[in-house]
Every structure is written in C-alpha cells, then in structure tokens.
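Features of the protein shown, as given by Swiss-Prot:
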- GLY93, THR94, PHE120, ASP205, GLU206, VAL207, GLN208, THR263: pyridoxal 5'-phosphate binding site (BINDING)
- ARG123, THR262: N(2)-acetyl-L-ornithine binding site (BINDING)
- LYS234: N6-(pyridoxal phosphate)lysine (MOD_RES)
Amino acid sequence: MSYLFNNYKRDNIEFVDANQNELIDKDNNVYLDFSSGIGVTNLGFNMEIYQAVYNQLNLIWHSPNLYLSSIQEEVAQKLIGQRDYLAFFCNSGTEANEAAIKLARKATGKSEIIAFKKSFHGRTYGAMSATGQKKITDQFGPVVPGFKFAIFNDFNSFKSLTSNNTAAVIIEIIQGESGVLPADSLFMKQLNEYCKQKDILIIVDEVQTGIGRTGKLYAHEHYQLSPDIITLAKGLGNGLPIGAMLGKKNLGHAFGYGSHGTTFGGNRLSLAAANQTLSIINDADLLNDVQSKGQFLIENLRKSLVNKRNVIEVRGVGLMVGIEVTNDPSQVVREAKRMGLIILTAGKNVIRLLPPLTITKKQLEKGIEILTEII
C-alpha cells in the first residue's frame, strides 16, 4: 500500500546512489544516465557541488528574505554577468514563470500574454494557463484569463494575436515536453524585431534549456533574441530545488516592496548548490565541449539510425536531443532500462535524451550503441 497520490506513473525501480553520470538502484545495478533527472543534474552527481552544500550545512541553512543575503547577490551576479538584469529567486520553474507573468502584467499595465501551442510552462495556475496543451489544463475548471496561443514557429500566427493590450509573449527556445522542437532562427528574429517595435515584453522560458544544456549558458544566445525576462530552474541547483526570474532593470520599478515574495526562495542550501554549479558552468571550455559532444551525439545517432524505418528524425541543440519515431517510445524506454540506459520520452512519439553535460564520448558511444540495437 502506498501513502502517496497516484499522480505519477512510477517505474518499479528505486535509485539509491549515483556516481557522476551513472545511477545505482537498490539492488546495486548500475545505469548510464541519459536523463539527468529530466534536465536537472546537468553536472552529474558532482563532488564539488556536494562539498559546497555540505559546507553550507555546517553554517546557516535558511534565513528569511527580511535580511541581506550575500550568496543571493553572488549567484545573481553569475547569472547576469554584464547583462542588464535584476534577479528574483524562488523554488521551481513554475514559480519562476508565475513571477514572470506577474512582472509583465504589472510593468506594462496590460493583461494579454501570447503563448504557443504545445508549450509547457508549469502546473501552478498561472503557468498552467500559459501552457498550450489541453491535457494539462482541461481538468481543472476555468484557467487564468488573458492567454492566447499562437502556432510555434509561425510569425504570422503570432502577429495576428497581438493587440494594444498585449503585455508579453512567453516562449521556450526548444519545446522540450512536446518533442524537443527547436525554434526557427528567422521566426525568432521576426518575433524579436516586432516585439521591440510594439513594446511587447519577451519572456523566455529557459527552465529546461538554460544553464549550459545547449552549449550556451542560455539557449536564446543561439538566436538574435533579446529577452526582457528569463526564467530558470532545473539545472540551476543541480538537484536542489531552486528557480530564478531575471528581468531587465527597467522593469525593476514594477517589483517593488510587497509586490511579490517567497518564504523558501533563495534559501542558502539551494544557493550554495547554484553558486558552485555556475562556477563550473561559466567556463567557455565546458560549454564548447557540450556543443562538440552534442554534435557528436546527433551526427552519430543519425548515421546509426539512418536505415531504421521507424525513425523519422533526430534533432536537437547541444545535449538536448530528440529522436522522433513512428511507434510508442515508451517501449524503447523500457528496453533501454533493461540494458542499463535511462532515457525519457517527450510528446507522443519522441525519445528524449538529456545526458549530463559531463558525459564522456565513450559513454555517448555506449548509449548510441544501446539505442541503435533497441530501435
């Protein structure tokens, strides 16, 4: 008997330990991790991050946001660098998107926000209302009003929905949950130019794509795009719960005293993990290596799977990769697990690969070999 709600479809396996890019179950079986806990443990199970959190455990764990926090300032500086932003820390991606929605509406005095079909921004009410998937929203009664949904990568569809009451657009650089669908470069350029012309704020949801996943600190750096607001989570704490919302400094007036807040957001344990994570991630060599390994993974998957009739396409950016197939991908996930490889699905028919950024070429080759045999 379980004491838990049955809202997850749990596999009959429990991981109890880990070693860098490998997971270990309670029977001591070892698995190669191509999931990173759904894009969370981007640096694997990293001893430098462990040590940073351990050191903080020996100091203060939590203090409310009524007092100064030098570690919040330090992590914010690493996230922002020379960019013109301010930071707000929270506990998750959905909370970061809630903050972004509130900031956009308050700063502009407008209520409409354009999102995209097949998007995913979270499961709390505002973020859920911005999600363009009926299976996520339809069971819970009326959603938050003011959201419109354009076709992803279709500029005319987006433009047709704008009005004098449009506060912002919220967009994922790569639609992860719907099948690893990257944004088109021309579309992003057109969207950026139009929004700047019409004073429409651009909110970029980097919850899954950020913190080095695509070979850049932020995935929008691959495009001609200048976001007004950026949301982050997942890989930021490398396994500890943390989210962040970055907003342009000229929006700072809208988030003054009492406008928004959180009890646990910016707590020192999660910030200790984020601080060390960013110290490692903000390394040009590491990010270049992610791009190189991502190219290696995509090219070799394409070569290995070229004659597989049930493979439609291999796509992705950096180490965020999707294999679109004609059959149910959950069957591949089960067989991969049996052979010692942990992978994910996305959308209806996509195998999603999110290996740690620290994965080795040898481990990538092993994963490709297993996938080729199964598919």
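Backbone N, Cα and C atoms are what each Cβ position is placed from, and that goes for glycine too.
When the Cα atoms are compared, LYS234 (N6-(pyridoxal phosphate)lysine) and ASP205 (pyridoxal 5'-phosphate binding site) turn out to be 12 Å apart. For the binding-site residues THR94, THR262, the greatest number of Cβ atoms within 10 Å around a candidate Cβ is found at THR94.
For the pair formed by GLY93 (pyridoxal 5'-phosphate binding site) and ARG123 (N(2)-acetyl-L-ornithine binding site), distance between Cα atoms is given as 10 Å, rounded to the nearest Å. Cα separation, ARG123 (N(2)-acetyl-L-ornithine binding site) to GLU206 (pyridoxal 5'-phosphate binding site), rounded: 16 Å. DSSP classifies GLY93 (pyridoxal 5'-phosphate binding site) as helix under the three-state reduction. Scoring each of the binding-site residues (PHE120, THR263) by how many neighbouring Cβ atoms lie within 10 Å, the top position goes to PHE120.
Secondary structure from DSSP puts ASP205 (pyridoxal 5'-phosphate binding site) in a beta strand.
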